[in-house]
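According to TrEMBL, the features are:
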- 12-36: transmembrane segment (TRANSMEM)
- 56-79: transmembrane segment (TRANSMEM)
- 91-111: transmembrane segment (TRANSMEM)
- 144-162: transmembrane segment (TRANSMEM)
- 183-201: transmembrane segment (TRANSMEM)
- 313-565: domain 'Sulfatase N-terminal' (DOMAIN)
Amino acid sequence: MRLTTYWQNIQLDLRMLLFFLVLLAVYRLLFMFGMAESMGPAADMSDILQANFTGLRLSMKGAGGIALLGFLLATLPALLNPRLNWGRARLVVGALANFLLTVLFIARFPYYEEFRTTYSMQVFQGLHDDKIALLGTMVSQYGLIQWLAVAVLVAGVLTLALRYILSIPVVGSIRPEHKVQSGIIAFLLTFIVMFFCRWGGGFSYATGVNWEHCAITRDDFLNECILDDIQGLYRAVQMERRMQAGDIYGVDKDFAYSLTADEADRLLTHKAAGAQIFKPRHIFIVLEETGMQWPLLPKYEKMHLADGLKSLINSEQGYYTRNFMPNGEFTSVAITGLITGLPDVNIRVNYQPRTYHGLYATAMAKPFHELGYQVDFWYGGAPSWDDISRLALAQGFDQFYGYPQLGAPKTTPWGTDDEYLFASLFRHLDDEEPTVHVVMTTTNHPPYNLDLHKEGFDVEAMEKLVRELIPEEAKPADLARELGHYWYMDKVVTNFVQKVQERYPDSLFVITGDHAVRSNPGPQPSLFEYQSVPLVLYGRGINKDILPADAVGGCTGIVPTILELIAPQGFVYKSVAPPLGEWPAAFNRNTFLTDKVIGRIEDGKTELLPGGGPADFAAEREKMQPFLRKMRTLAWWQIMVDQKEVK
């Protein structure tokens with residue numbers, strides 16, 4: 001009796017496995033078709049077939065996991081006690097899985113358009129965002145309510161189909177004379193299928209498919225398609241665990257643990273060569289939200305998106321380098337890197353207890369205080385967002401101003417518009433002592449709800465330019481609207497710079513982007529377009545030769561660069577990064593850049609910089625290796641090893 005029931009139940013479990021394996025395969029194909037413009041020109045039918053076959057094997061893990069729940073809730077209890085008929089539990093599991101997989105499938109489209117990846121570490125970054133603002137953006141920008149209704153409808157149809165499949169009669173009962181043989185076959189079949197699913201279509205880690213090593217085609221988009229949504233979320237979970245452990249390429253933990261405080265202090269200590277400009281009264285470090293560099297490239301000049309920034313660059317007192325990398329792919333990583341002086345080492349510094357026990361040796365506030373400056377943070381969003389205000393104040397900032405302190409209206413789910421932020425800051429300057437202002441803008445961010453017509457931006461004309469210059473863009477109207485917000489940010493920032501310069505001519509401005517990832521010129525941006533941000537210095541004493549032409553650098557090099565410009569000779573400061581002009585390569589979590597190439601850190605993808613000549617890719621990559629290892633190891637040491645409190 002028990003074996004007969006077990007034999008019948010495992011047939012139902014196998015049907016459930018096949019149902020979800022097919023569903024994941026169909027969703028993969030639909031995503032490929034719906035986002036086909038993201039596929040590179042080099043991809044051919046063999047790549048598409050390879051991606052689908054590899055994805056099918058990988059999806060055995062997710063489909064097997066769903067079937068396993070049915071096995072545990074229905075098949076196993078009936079084996080232990082034949083009177084326990086919990087077959088409906090299998091259908092309930094299937095119904096829930098249908099709904100969740102459909103929601104993930106629908107959400108995958110805007111997620112990929114935003115981040116150019118399947119579900120990854122951005123998922124957990126969202127958990128640290130302002131939940132109400134995030135929900136508001138999802139409702140207004142992405143139609144959350146409508147798409148949830150669609151998901152319910154589709155999941156209902158799928159569940160009816162699953163119920164029908166499970167209701168088809170199974171193979172009959174086991175004959176008593178074949179009881180032993182049938183039992184052995186049934187149990188062997190169970191474990192073989194489980195094993196095969198566990199390893200992703202193989203019988204070991206080496207022969208199966210796993211998320212870390214499934215990128216086997218020549219096309220980045222197809223490689224992302226190999227991961228179904230279950231594996232995408234699993235990847236996000238594993239990345240989050242590694243982030244909590246601080247696991248990242250380039251950190252030499254053995255060296256870090258052997259490093260004494262005195263040795264680390266020696267490696268972090270710098271002495272200024274002597275001031276190159278007159279000491280400014282006000283210093284402004286502006287982090288532009290999604291301040292990507294590609295609108296400044298000659299290819300997109302007709303769009304006139306960054307005319308304001310270009311006017312500062314072309315001024316006699318302006319300096320610009322295009323060879324610049326943000327600290328990461330998120331706003332909070334840019335902010336924490338600037339405040340603490342720490343490059344991204346896959347640890348959320350703003351959630352580390354060490355951060356609130358005292359200043360990091362490389363915290364930016366300390367040297368500026370020693371030079372007689374107050375250090376303030378100005379943000380157009382909520383101070384509580386991602387614990388940024390708490391972080392800034394714990395790391396020595398004197399004041400933190402969010403939109404509630406500005407007396408500004410809340411115009412987006414995230415805060416107020418940039419014009420209110422800069423107007424409030426300008427009014428504040430008359431009463432200030434010498435101050436370093438870190439300013440984080442907000443408007444160039446979903447839900448992109450600014451009245452662009454009122455601001456003087458012609459969305460229709462921009463859409464025409466998008467169609468002309470980026471013909472492969474699938475949603476030119478949406479991109480035109482996003483670019484209007486970039487144009488607005490550029491206008492507001494430039495107007496502020498000019499207004500301050502007129503009243504306080506001894507001011508120094510540093511302008512860069514917090515990250516580039518989000519607004520891309522089409523579905524297949526180059527790595528340079530996808531990752532790089534500009535760096536602009538502007539003010540009295542700045543000129544085109546103040547730093548080497550197109551100096552390579554990154555976000556954590558901003559503070560040491562300013563200190564080398566204004567500090568007296570012999571001034572001692574601590575920094576993981578050197579000033580610009582001394583970087584052989586720049587990098588963030590995933591990407592590196594030299595003066596000739598840009599590439600991914602952990603795979604071989606490397607591209608020439610726009611307009612660049614030939615380069616030895618291997619030699620350029622080797623420039624990055626020792627520099628990255630040193631910076632990441634010293635940063636990791638400060639966060640994870642050095643627990644002393646610095647008051």
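Keep in mind that glycine also has a Cβ here, set from the backbone N, Cα and C atoms.
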Folded-back contacts onto the transmembrane segment (12-36), same chain, C-beta under 8 angstroms, at least six residues removed: 48, 51-52, 55-56, 59-60, 62-64, 66-67, 70-71, 74-75, 87, 90, 93-94, 97-98, 101, 105, 108-109, 112-113, 158, 161-162, 165-166, 168, 170, 193, 197, 221-222, 225, 228-230, 523
Tertiary contacts of the transmembrane segment (183-201), as residues 6+ beyond its ends and Cβ separation under 8 Å: 3, 6-7, 10, 14, 17, 56-58, 60-61, 63-65, 67-68, 71, 174, 207-210
Within the predicted model, mean pLDDT of the domain 'Sulfatase N-terminal' (313-565): 95
